[in-house]
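Participant: Dumping what Swiss-Prot says about this protein:
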type     : residues                                                                       : note
REGION   : 1-96                                                                           : region 'Disordered'
MOD_RES  : Arg10                                                                          : asymmetric dimethylarginine
MOD_RES  : Arg19                                                                          : asymmetric dimethylarginine
COMPBIAS : 22-56                                                                          : compositional bias 'Basic and acidic residues'
MOD_RES  : Arg44                                                                          : asymmetric dimethylarginine
MOD_RES  : Arg49                                                                          : asymmetric dimethylarginine
MOD_RES  : Arg55                                                                          : asymmetric dimethylarginine
MOD_RES  : Arg65                                                                          : asymmetric dimethylarginine
MOD_RES  : Arg69                                                                          : asymmetric dimethylarginine
COMPBIAS : 73-90                                                                          : compositional bias 'Gly residues'
MOD_RES  : Arg78                                                                          : asymmetric dimethylarginine
BINDING  : Thr181, Thr182, Glu200, Phe201, Asp225, Ala226, Asp245, Val246, Ala247, Gln248 : S-adenosyl-L-methionine binding site
Amino acid sequence: MGTDYRNSGRGGRDGPGGRGPGNDRRDSGRSFGDRRPERPDFKRGDGGRGFGDRRGSGPPGGPDRGDRRGPRDGPGGRGGPGGPGGGFKGGAKTMVKPHPKYDGIFISHGRGDVLVTKSLAPGVAVYGEKRISVEGTESKIEYREWNPFRSKLGAAVRLNVLDMPIKPGAKVLYLGAASGTTVSHVSDIVGPTGAVYAVEFSQRSGRDLLEVAKARTNVYPIIADARHPYKYRMIVPEVDCIFSDVAQPDQARIVAENARYYLKANGGMLISIKASSVDSTLKPEAVFAREIETLREHDFKCKEQLDIGEFHRNHAIVVGRFRVKAA
């Protein structure tokens with residue numbers, strides 16, 4: 001007679017070492033995917049993110065990791081609508097008020113104060129940002145959260161930059177537009193009467209930028225090298241402001257060349273400088289000082305050097321005006 005293995009090793013079902021009654025997976029209804037204890041069912045939007053939270057520590061208020069990306073043109077995708085999970089609705093506890101210092105920028109007062117811009121393309125998320133729907137006098141108004149950790153310009157606004165030439169109706173030349181994250185917020189700020197001429201050299205980022213422009217009639221994507229501004233002179237008119245984020249060793253010279261072609265007298269300039277991209281052998285303070293001196297040599301009057309290292313390590317925003325006219 002053979003050995004009965006059913007009662008050896010792990011033990012019988014109800015015996016010592018066995019699963020015990022009620023522990024059979026078939027009886028409990030639990031699958032391999034259910035081994036972890038269940039989490040509370042947090043809804044997206046139960047808790048806003050304050051200025052200081054880069055990614056948050058999970059619910060409440062944080063996006064599920066599985067929801068970060070969707071199909072490119074589908075709900076939640078970079079180039080498509082954000083879908084039902086792409087934003088949160090404003091309610092009685094959420095108030096959106098104009099920024100006290102900057103035209104075209106707003107602050108959402110809810111579970112934490114958050115920078116937002118009024119969406120020029122309601123229903124469309126650009127980089128998975130949260131969206132707030134607020135009841136207006138005639139219809140709902142959608143605002144988009146502006147994350148300072150994802151945008152150098154957003155960081156400058158969060159840190160109360162002195163001069164903000166980007167405002168409703170402005171024409172902006174944006175150098176180093178990348179995938180269009182900050183471009184989309186600039187588009188919101190300048191509104192339908194303004195324009196954003198977004199220059200990007202990378203073909204891959206340029207494709208994403210084109211997707212952003214499809215939903216925004218005031219964005220003019222230009223796939224070109226910002227070192228040669230004459231190549232897009234047939235597209236770009238005289239502008240009110242230049243914002244630059246090209247992260248190149250000769251960035252100050254690139255800005256100066258573009259200003260010579262397109263920036264009006266007394267026009268605004270904001271340049272994001274990453275110290276290690278200019279000269280990794282020098283301390284950041286020395287790099288910033290050298291770039292400011294280069295700008296001054298090209299008719300810029302620099303008004304402020306703003307350290308945004310709190311949001312972007314070894315970065316500074318230099319703010320100035322071009323060919324300032326004497327009073």
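Any Cβ shown, glycine's included, is placed from N, Cα and C.
How buried are the listed features, and what sits near them?
Facilitator: Ala247 (S-adenosyl-L-methionine binding site) carries neither a helix nor a strand DSSP state and counts as coil. Sequence-distant neighbours of Ala247 (S-adenosyl-L-methionine binding site) (same chain, six or more apart, CB under 8 Å from its CB) are Gly176, Ser272, Lys274, Ser277, listed in sequence order.
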Participant: For Asp245 (S-adenosyl-L-methionine binding site), just count the other CB atoms lying within 10 A of its CB, please.
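Facilitator: Around Asp245 (S-adenosyl-L-methionine binding site), other Cβ atoms within 10 Å: 21.
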Participant: So how far apart do the S-adenosyl-L-methionine binders Thr181, Thr182, Glu200, Phe201, Asp225, Ala226, Asp245, Val246, Ala247, Gln248 get, largest Cα to Cα in Å?
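Facilitator: Maximum Cα-Cα distance: 19 Å.
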Participant: Which one of these binding-site residues, Glu200, Asp225, has the sparsest Cβ neighbourhood, judged by other Cβ atoms within 10 angstroms?
Facilitator: Asp225
